[in-house]
Amino acid sequence: MSLKMKYNLGYLFDLLVVITNKDLKVRYKSSVFGYLWSIANPLLFAMIYYFIFKLVMRVQIPNYTLFLITGLFPWQWFASSATNSLFSFIANAQIIKKTVFPRSVIPLSNVMMEGLHFLCTIPVIIAFLFVYGMRPSLSWLWGIPIIAIGQVIFTFGISIIFSTLNLFFRDLERFVSLGIMLMFYCTPILYASDMIPEKFSWIITYNPLASMILSWRELFMNGVLNYEYISILYITGFILTIVGLAIFNKLKYRFAEIL
């Protein structure tokens, strides 16, 4: 690796850290509870879904609270990143106009910021494991980084597409909101994948978000790395990132005039 490439990678990393840190400070400025909100939101939804599906509808899934949060927490990372990415270039319009830097770092910093929030939820998962008489597995040490990197690649691919196209098609945010809500129910977060009738199994087979959620759930609940799901996550992520960067590189020269 050349000295120039090392410098470039170091510069990109420093830039990513600076922008992520800025976004965190802006988000939690004057906030009393700070990072706790990143845990409270999915936990509240988990409590609501537990009441509806376990107590009212009596869904027969063992350790249902743990089952829920191991799906909801990584989903929250993805959904928040995808939704916030729509406005990532718009929110940083002044920086983009006045400073020369790789603009693709902006949606990536958003993904990383939400990833930090996800890491804050892992102690909650550990606490519920102990509640249900279970223990974290040693495989978490390498499993969490492997799946997390895959989710970063996948989510960045989605985010760079959304953040770029939303500058030119502002109706996109409406479609994204509906799409994320639809995909939430098409992904086995509230229910087990084996509860889906055979004729609808394609919903799981062709849904990379299902592979993402099931990868985390297998790791957290069973200590297992499901390489089939992880491979789907990585392959889809690389494809989305390549497509996203192609769209970004084609349209980035018009950012200043749009913003």
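Along the chain as shown, the residues are counted starting at 1.
Cβ atoms here come from the backbone N, Cα and C positions, even for glycine.
Swiss-Prot annotations:
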DOMAIN    33-251  domain 'ABC transmembrane type-2'
TRANSMEM  33-53  transmembrane segment
TRANSMEM  73-95  transmembrane segment
TRANSMEM  111-131  transmembrane segment
TRANSMEM  142-162  transmembrane segment
TRANSMEM  176-196  transmembrane segment
TRANSMEM  228-248  transmembrane segment
Given a Cβ distance threshold of under 8 angstroms, which distant residues of the chain, six or more beyond its ends, lie next to the transmembrane segment (142-162)?
74, 77-78, 81-82, 85-86, 88, 104, 107-108, 110-112, 114-115, 118, 122, 172, 176, 208, 212, 215-216, 219, 223, 225, 230, 233-234, 236-245, 247-248
For the transmembrane segment (176-196), which stretch among 33-53, 111-131, 228-248 has the most Cβ pairs under 8 A?
33-53
Intrachain neighbours beyond the transmembrane segment (228-248), with Cβ under 8 angstroms and 6 or more residues off its ends:
103-104, 146-147, 150-151, 153-161, 164-165, 208, 211-212, 214-215, 218
